[in-house]
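*Asks:* Quick one: structure below, then a few questions.
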Ligand SMILES: O=c1ccn([C@H]2C[C@H](O)[C@@H](COP(=O)(O)OP(=O)(O)OP(=O)(O)O)O2)c(=O)[nH]1
């Protein structure tokens, strides 16, 4: 159930400053998309394997209890091998600097060209819980215990 102004699951509005007024205000491509598309504020070219911290020309005020997650765009990943080194990047609630995207070209042979105004990543706003840490000497027992990192198989490289 939703109405046009406030779809189910919507919070906000997200307060956003354009540090580069020559770029459009970031938005969702479709009203129910999870990610707000972020634009590149610069032109750059990434050689195979190269990474670059690229500005988006925006800063945001995410409320406490939420975080911004900077995710790659799947189309650019599939077609050009473009990803994000620290995917998903974490934008803390208290951060007021420019959101930057640590792009990496994972294609083995082709460079990726980024133009100013290209949509290079997407920002998801998610609720997070802020837990204190306490040190203990024993953890509770579970079926899995310390087994991980492929212990359940499911691929020939894991046997
Ligand atoms: O993809 C990202 C990830 C982070 N940031 C900004 C917002 C975030 O709040 C800040 C710090 O990020 P993080 O905590 O991941 O980096 P750190 O290397 O641990 O830096 P710090 O010591 O400043 O926390 O950098 C971005 O602009 N883009």
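Every residue gets a Cβ built from N, Cα and C, even glycine.
TrEMBL annotations: computationally assigned, not manually curated.
The region 'Disordered' feature in TrEMBL is assigned to 1-30. The annotation domain 'dUTPase-like' is assigned in TrEMBL to 24-153. Marked as substrate binding site by TrEMBL: 73, 74, 75, 86, 90, 91, 92.
Tell me what's around each of these sites.
*Replies:* Neighbour density for residue 75 (substrate binding site): within 10 A of its CB lie 10 other CB atoms from the protein chains shown. DSSP assigns residue 75 (substrate binding site) to a helical segment in the three-state reduction.
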*Asks:* Measure from each Cβ of the binding-site residues 73, 74, 75, 90 to the atoms of ligand 1 and list the residues where some distance is under 6 Å.
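*Replies:* Only 90 qualify.
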*Asks:* What is the number of other Cβ atoms found within 10 Å of the Cβ of residue 91 (substrate binding site)?
*Replies:* 21
